[in-house]
Amino acid sequence: MNVSSDPSCSVDMKAMKEKLDEHSEKHVGHDWTLVEHDGELDEHDDKLDEHADMKAMKEKLDEHSKKLDEHDEKLDDQHHGTLDEHDERVVEHDGRLYKHDEKIDEHDGKLCEHAGVLDEHDRKLDEHDGMLDEHDGMLDEHDEMLDEHDGRLDEHDGRLDEDHEKLYQHDAMLDEHREKLDQHDERIRILENQGVMDGPGVQFLLGFKTAIQLFKILHPSLDVSYADMLNLIKDSRGPLTLK
């Protein structure tokens, strides 16, 4: 029997081929699934290896912790008293530090108070400096006034010296007039002794002459001569003669 010549057999082969192709596709998909599963298995194996490493490390850590606990126990046994003593000393030192801090705060307060006093003192010093500057200005002004007054005093002294010089000259003139009066008195005394001074005209003339001399002494700036006075008398009363 020839299978290839049978139509029904040809149909079956085609169907078989389709099934084989479908199966091949499924097999390929299954292969990829297996590949992916192998990758997941590898990743899982890596995690198991990592977990194993972590477990081993944890065991080592536990062992190390145990040794540390033993070491801590030994340290506690050896140094417990020393640590307690050290803690007491630390507490005592903290108390001393606290007291020292209180003293520092108290000292800071005093420093702040002292700084305030210094600021007030500086303010008063500045105010006093201002007053001194004002006083210096007043003193400078007073010095200028004194200098001006000294100049006026010097001028006045010069005028006084000039007046004194004039007084000296006037005293000399007075001395000269007194000397002339003394001479005149001596001449009158001689004339009286000779009997020449009789008569009212002569007595009037002599008295008038004496008055003129006194007038010239009191007013030396007036230029009045005896001749002028005699001419005035002659014009009013006529000639005067001596007896």
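Every residue, even glycine, has its Cβ placed from backbone N, Cα and C.
What TrEMBL says about this one:
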{"type": "COMPBIAS", "residues": "14-31", "note": "compositional bias 'Basic and acidic residues'"}
{"type": "REGION", "residues": "1-31", "note": "region 'Disordered'"}
{"type": "REGION", "residues": "43-84", "note": "region 'Disordered'"}
Counts of helix, strand and coil residues, the region 'Disordered' (43-84), according to DSSP: 42 helix, 0 strand, 0 coil
DSSP-derived helix, strand and coil totals, residue by residue, for the compositional bias 'Basic and acidic residues' (14-31): 18 helix, 0 strand, 0 coil
